Amino acid sequence: MKPFIEFKDFSFKYDAQAEPTLKEITLSIEKGEKVLIIGPSGSGKSTIGHCLNGIIPNIYKGQAEGSLTIDGKDVFDLSIYEKSHLVSTVLQDPDGQFIGLTVAEDLAFALENDCVAHETMFERVDTWADKLDLKELLQHRPQDLSGGQKQRVSLAGVMIDESPVLLFDEPLANLDPKSGQDTIDLIDHLHQTAETTTIIIEHRLEDVLYRPVDRVILINEGQVLFNGSPNDLLKTSLLQENGIREPLYVTVLRHLGLDIKNTSHLANLEQLDLSGVSFAGDISLKEPQEPQVLFDIQHLNFAYSSERPILKNLSFTLNKGERLAIVGKNGAGKSTLAKALCQFISYAGQIFYQGQDIASDSIKERSERIGYVLQNPNQMISQTMIFDEVALGLRLRGVDDSQIEKRVLKVLKTCGLYEFRKWPISALSFGQKKRVTIASILVLNPEVILLDEPTAGQDKKHYTEMMSFLNDLHALGHTIIMITHDMQLMLEYSDRALVISDGQILADQSPITLFNQPDILRIANLKQTSIFDLAQRLNCDPIALTHYYIDQQGGEDE
């Protein structure tokens, strides 16, 4: 029997590039399989998805060699309409997938295009709304829903077409930890009940392995480096060599001396034989320093309308030299809090800077106290050349040209961008663009740098580079605020966690202490790391084991 999806010596080169992105790939996927495709940024994994769903060659043009077939049909001979009946795609950003004004309209969109009879359309919308727990939301606007609800709507919108292949392009990228876990649960449930061929493109390996997959395919530099079971992959060094983060518990077990290469069931912590592993470490706490309050936020309130309060009487302090992680579920008010701190929105309440009420700050004045770096650097960049982008804020402030050059070159050196100072921004990677946006803020000398999801969508290599860079800035005396869904980032790179839930502060404590409070984690849609699960298996103190992990990672980074 022929494979349902088959790449044979398949290569693809974008018209805009000199070298092929995919290089003589030979790969097959059987009908009904559940496959995870992983790889670092720029590896070619997304290009595989684009070739399957028709984005290539219908939107992105290029030259293909070899063959790619789905159900025996040559993909490049099919129209985009024909491909849509073979492959349904759930995009990384659900907001980019919504068509209808209501959830019901959005679900019905594909059926309307297929001229399905009204009676059948209502039946199928009702069926899929029921399967994905959307019955109560059918008359709501998709844009008003939570991150997890949006994901279910976009899923229903493609599942309703009942295509045999379901393709997920980084489905976890914009979700809080619990919503991400629920999404993996949902994908697994749909795979089993709808009997689809399921392909997940992600780099968050541990999160996807929350539910079983049949195979993992590792791609880098346009080639298949591994094609086999998750257990076999975890026994190799391929993840570390190719910039993919392995499960946290596997990293800890390596440090504790477990013979990884000869261990079964590595992909499932519950099934691991840990009889030869133990941990008896204790906690050595650093002497806390007397905090120096930099910002004092008192009774902060904000609402888009009287019926829709977003921030509810928030009060907290930010200390000089701190690394503060702001966490919470999608829609909790984290980004709104950031906008209020930066004076982008009018709020009720008071913000004091070193004891001075700064309510009368202009946006310009506030930006010199708090520099805000957006999640997507492309939304901040407006100039063609790197030097000009970093210099823009100074030029707008009328700074003398000689001072501009001096300050820009200094900050480019700090950000590791000096050698690229004459480059066009278009030649940079995503991570480098992120550094450019940070440099454009740093050059204004703000006391605080506020970053929205600083590592979103980045593989382990770029994640580590970004966080090491932020650590260097912190060592230079900058106070860092990070809005994040990444529990490992919070654990390793912050001193304090502020948990926001429904516009209120649910907790304000050290990250490790937070992980030991399951009720707070549940309310805020956060989750414990697998280090805590491993500690339960080893019958040891999870906080001590977490400290051990952080100490080991610190040693590796030096």
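Placement of Cβ uses the backbone N, Cα and C atoms for every residue, glycine included.
Feature list (source: Swiss-Prot):
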type	residues	note
BINDING	GLY39, PRO40, SER41, GLY42, SER43, GLY44, LYS45, SER46	ATP 1 binding site
BINDING	GLY328, LYS329, ASN330, GLY331, ALA332, GLY333, LYS334, SER335	ATP 2 binding site
DOMAIN	5-246	domain 'ABC transporter 1'
DOMAIN	295-527	domain 'ABC transporter 2'
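Features as recorded by Swiss-Prot, highlighted on the structure.
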{"residue": "GLY39", "record": "ATP 1 binding site", "DSSP (3 states)": "coil"}
{"residue": "GLY44", "record": "ATP 1 binding site", "DSSP (3 states)": "coil"}
{"residue": "GLY328", "record": "ATP 2 binding site", "DSSP (3 states)": "coil"}
{"residue": "LYS334", "record": "ATP 2 binding site", "DSSP (3 states)": "helix"}
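The ATP 1 site is set by GLY39, PRO40, SER41, GLY42, SER43, GLY44, LYS45, SER46; from the centre of their CB atoms, other residues of the chain with a CB within 8 Å are HIS203, ILE219, ASN220, ASP459. Each of the binding-site residues SER41, SER43, SER46, ASN330, SER335 was ranked by the number of other C-beta atoms within 10 Å, and first place falls to SER43. Applying an 8 A CB threshold to same-chain residues 6+ apart, the list for ALA332 (ATP 2 binding site) reads ILE500, SER501, ASP502, GLY503, ALA524. A distance of 28 Å separates the Cα atom of GLY42 (ATP 1 binding site) from that of SER335 (ATP 2 binding site).
On its own chain, LYS45 (ATP 1 binding site) has ILE37, ILE38, GLY39, ILE201, ILE219 as residues at least 6 apart in sequence with a Cβ closer than 8 Å to its own Cβ. Sequence-distant neighbours of GLY44 (ATP 1 binding site) (same chain, 6+ apart, CB under 8 A from its CB) are THR21, LEU22, ILE219, ASN220, GLU221, GLY222, GLN223.
Over all protein chains present, the Cβ of GLY333 (ATP 2 binding site) has 24 other Cβ atoms lying within 10 Å. Cβ neighbours within 10 Å of GLY42 (ATP 1 binding site), excluding its own Cβ and spanning all shown chains: 16. Using a 10 Å radius centred on the Cβ of PRO40 (ATP 1 binding site) and all shown protein chains, the other Cβ atoms total 20. Taking the centroid of the Cβ atoms of GLY328, LYS329, ASN330, GLY331, ALA332, GLY333, LYS334, SER335 as the ATP 2 site, the other same-chain residues with Cβ within 8 Å of it are ASP176, ILE500, SER501. Across the fold, the C-alpha of GLY328 (ATP 2 binding site) and the C-alpha of SER43 (ATP 1 binding site) stand 31 Å from each other. Between the CA atoms of SER41 (ATP 1 binding site) and ASN330 (ATP 2 binding site) there is a gap of 25 Å. Around GLY331 (ATP 2 binding site), taking its Cβ as the centre, 20 other Cβ atoms fall within 10 Å, counting all chains. The number of other Cβ atoms within 10 Å of the Cβ belonging to LYS334 (ATP 2 binding site), over all protein chains shown, comes to 22.
Here SER46 (ATP 1 binding site) is positioned 28 angstrom away from GLY331 (ATP 2 binding site), judged by their C-alpha atoms.
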